[in-house]
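K.L.:
Sharing the feature lines straight out of TrEMBL:
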type: TRANSMEM; residues: C:14-36; note: transmembrane segment
type: DOMAIN; residues: C:75-279; note: domain 'ABC transmembrane type-1'
type: TRANSMEM; residues: C:82-101; note: transmembrane segment
type: TRANSMEM; residues: C:113-131; note: transmembrane segment
type: TRANSMEM; residues: C:143-164; note: transmembrane segment
type: TRANSMEM; residues: C:185-210; note: transmembrane segment
type: TRANSMEM; residues: C:262-279; note: transmembrane segment
Amino acid sequence: MLKKGFKRQLPLHLMLLPGIVLVFIYCYIPMVGGIMAFQKFIPSKGLFHSKWVGLKNFEYLFSMPDFYQVLWNTVFIAILKIIFGLIVPITIAILLNEVGKSVVKRWVQTLIYLPHFLSWVILGGVLIDILSPSYGLLNQFLGIFSIKPIFFLGDNQWFPFTIVLSDVWKEFGFSTIVYLAALTAVNPSLYEAAVIDGANRWKQTWNITIPGILPIIVLMTTLSLGNVLNAGFDQVFNLYSPLVYESGDILDTLIYRIGLIDGQYGVATALGLFKSLISFALVSISYWLAYKIADYRIF
Amino acid sequence: MKGKQSLSFILSTLLLTSVILSGCGENKNVKSEGASEAKQQETTINPLGKYDPPIDVTAAKFITQDVKYPDGQSEENNAWESLYKEMGINLKYDWIVKGTDAQYFQKLNVTIASGDIPDLMMVNSTQLKQLVEADMLEDITDAYNQYATPEVKSIFEKDKMALQSAAFDNKLYAIPKTEPMIGGQTPVLWVRTDWLKKLNLPEPKTWEDVLNTMKAFTTQDPDGNSKQDTFGVALSKEVVNGYPSVNGFFNAYGAYPRIWTKDSSGKLIYGSIQPEVKTALAQLADMYKAGELDKEFGVKDGSKVAESLVNDRVGLLFGPSWAVQWPLQDNKKKNNEAEWRALAIPSIDGGDAAVQMPFGASFYFVVKKGVTHPEIVIKMANLFTEKLYGQSADYLKYGVDAEGITTAKYSFVDLAAPDKDLKRSQNVAEALKNTDPSKLNPEEKSTYDKIITFQQEGDLNFYGETYQSGPDGAMMVLQKLWDGKKIVSEGYGGAPTETMGEKKATLDKMETEIFTKIIYGAASIDSFDKFVEDWKKLGGEQITKEVNEWNASQK
Amino acid sequence: MVEGKSLGLKLFRIFNYTLLISLAVVCLVPLIHILAVSLSSNVAASAGIVKLWPKDLTFKSYAFVLSKGEFLLSLWISVKRVLIGTVVSMLLTILIAYPLSKSGRELKFRTGYAWYFVFTILFSGGLIPWYMTIRTTGLLDSIWALVLPNAVPVFNVILLLNFFRGLPKELEEAAFVDGSGYWKTLWRIYVPLSMPSIATIGLFTIVSHWNSWFDGLILMNSQNNYPLSSYLQTIIVQSSLTNMSAEQLKNLASVSDRTVKSAQIFVGALPILACYPFLQKYFVKGMVLGGVKG
């Protein structure tokens, strides 16, 4: 009986096979490198002859004088990015959906996806101009409402928000795509039925659209939780400065500077492992919660 | 239970593969070590001799972003590659990185870690030290003594510390890639002289003059647009060691940030924590308050600051000799009235300030252990000096070609005498005076021609060259300082010490952060004292100890 | 009542259009800026006075870029990479997502399999062992080094499996009754019915292949094999200025020529920007088209 069942399942297992093999070779085998977290890794000695140092790399990391400040900055920026990185694209997707079929929809869709393709090295220079307190466009605009010029990139109070908002601006168009795709899967007959029932636009949105794309929203939320310690190296690296180290220095930039001086692979790997464990825990918990509460398997 | 089992299965499989992986690395090393025993003694030693039969050599190569090739040539087919072939050297590149040095060293690190290094490569000081400790490099002491030409040896005579930094236990493991840092990174004071004239100011001779000039450039509207939109001096967010940085400004106060200098007893001390720094910072903080610095300098990098310079917003810059090539030349092109001249930085105690210069070698050419002809790296160095400046020199072919493309960059090994740029300026000035370029070497001749072109045709593409290397240029100012022993060079030339590896990043961050804050007025000037204390406590003291141990070992 | 509703609707429409259009404009600004810089003279660009309109209009930098062998070569490598990489990745994504969209009863170890893949998003061994594995499997310096090691985009797999789950079960059951097996069902029913999501994932795959630069830098042994993004990375990132000679810095300054950089960025972005409008048509039609066929 069981054998027969398995035979029936066999095609499914076979479909998985090539992927499993590739992932094993190129993802699992390299994970051996995780042992570097417990070594004083020196390239010329290689992975298996470098000195073992136990938990010293972790101790080093956690005892750095600014570690907790940096950790806090990272989490603060990352969480804000996660929240806005979810809300904004979902909202925009729904608003775009309301536009109907027109040319406007196509153009808007295409244009908001542009910034995703520009690297932070390039955008960094542009942002310094736009956000400048003395001649920047944004401050000139705020000046109309008699708001005093704000030093967005140089003021510790503003810097984390500048990072979050500029990131949302760069990525929201691209993230919107997922939700737009999800929206196409919502059954149109549901809307027709709702209209007959006399439900207005808001009601339709709340009762049909959002529940329709809820699985994708839950999925995206869960996966983005994995980023709770990733505040975005490229972006911060290109926008921060000694003025805002206090609020803008994040784990990745910290490691980058350590590595510059002495290629500290051990410490970098230790940090990587620490980040992975936290992400793993968060993703597992939300996976488990969704299963327990809604009997729903996210993946 | 089941989960645990599968996990342990995965683990053991992983370990198995890892053994295999390490296995391959191992084998290669053993093989090459065996080969080293079969070292051949050549009967005759000919520093520029060719190999017959030809030898195969593998190499990794770094090409900087700016390298260009004449039509039909490429990284593997050019003047130098042909020369190597003629000399019986079959260079085979395992890989080539054309990009930034960081990108090259990243690739080199993974290559080293995978145990598969080429015969010849360029490494940085950390890698040099680690490779020597792992016994992966060939000792080239004998080869150097036997093969190096007098020209090559004379370069290292002039910069003894460079060669010393490549030696471990009195054995030489590398040829340092020496750079003429005097023209590269030693600050002078660049001034907009047309602004001076406009405001009836004297050429700043004393530090007092410099401060007054900064004030005047800020408040007296030197660009004449009736707007208060200029400031005194250019500064970037990397206040120390950046471009532009405060280094030259600090030097006026006898402060030498980020380098190790010798005190009266010959011990090395760290420049950034000396009391002179505090005085200089206090002055900068005052200037910031008075609006003499760009309010936004703290977020601007070098190219952003360059915009201000090109755009007629700043009239003073503490910068290297080449600043006039970029970005000041662009300023001249944009606004033909602009005139930039280099002056010696005046000291607060009168006279010229002694200015700081970084260590002359950051990269090293090394030979893998077991290579049968370790002298090859020295022969390549010989070839470089010979083909550019020696008897059989052909500068147009191997140096800079007729179209101005620097072909010298295709050479695998390159090195330069520390005073090369100074010499050139001297000779060019002499030739210009006598209008007789016949004694110039080809490199000097090309500078000479550019200056003549600028003087006669006003070609602004050579404005920079003229005021960097010409008779009124920055190099002449630096020559004066050089002759007067007013150059303070970096005293530490070793690889980062152990504590540096662990703590320097933190300490450097602390330093730039507090310096910036003090200038911005966000921290009181007295927080400098706390910084010094913290610096010592958080590893600085230990680093000082290690640096001095190295210093003692160098004698 | 009816009047109020339509007024509210009208107001909402106005608000909606204004918001979306102004967002679109805000997103367009940097690209226009880059275009303007690429069409300006060098001096104007390095003075930073070019904003949204070119100063001293010139097409010099485009002439230079388009005659530049290395730029065109790397563009071709990128196109090759995207074509091969997308085909391979999409095949694998579909093949993995389909079984995983089944319930645990239909596929034994389903949850185990799923976590096997998800785990690789969360943990990695770092650069060095990754490089060593790719070297050991002999892929270095070939286009496959850019394709195979990340041929399974796990994020996309999860997305697609969720989309697959959303399809009505009845369709599949009907197919089974007709005697189709899993393979047939997948290609005849699931794939055609999921065109919007497959287009989405295809776009993600294309974009990620187009954008990744790091693997090209590390895994390719010469610039001739760099994809465009790696090549651009080598020209737009600045070397640290501290270790250079005067000669080098001088030359660097001459290539740090912003107009040429901007032209390369602009030309380099065009192909990928053109992809999206093309794929957009699947976003609307997908369901209807599939419905008719099914």
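Placed from the backbone N, Cα and C atoms, the Cβ positions cover glycine too.
TrEMBL: automatically predicted annotations, no manual curation.
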K.L.:
So, do the transmembrane segment (C:82-101) and the transmembrane segment (C:262-279) meet, by the test of 3 or more Cβ pairs under 8 Å (sequence gap 6 or more)?
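P.N.:
No, the transmembrane segment (C:82-101) and the transmembrane segment (C:262-279) are not in contact.
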K.L.:
Among the recorded stretches C:113-131, C:143-164, C:262-279, which has the greatest number of Cβ pairs closer than 8 Å to the transmembrane segment (C:14-36)?
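P.N.:
Ranking C:113-131, C:143-164, C:262-279 by Cβ pairs under 8 Å to the transmembrane segment (C:14-36) puts C:262-279 first.
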K.L.:
Quick test of the contact rule: Cβ under 8 Å, at least six residues beyond the ends. What residues does that give for the transmembrane segment (C:262-279)?
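P.N.:
That would be 31, 34-35, 37-38, 45, 61-62, 64-66, 71, 75, 78-79, 199, 202-203, 206-207, 210-211, 228-229, 232, 235-236.
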K.L.:
Looking only at residues six or more beyond either end of the transmembrane segment (C:113-131), which have a C-beta under 8 A from one in the stretch?
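P.N.:
For the transmembrane segment (C:113-131), the sequence-distant neighbours (Cβ-Cβ under 8 Å, at least 6 residues beyond its ends) are 96, 99-100, 107, 149, 152, 154-155, 157-158, 218-219.
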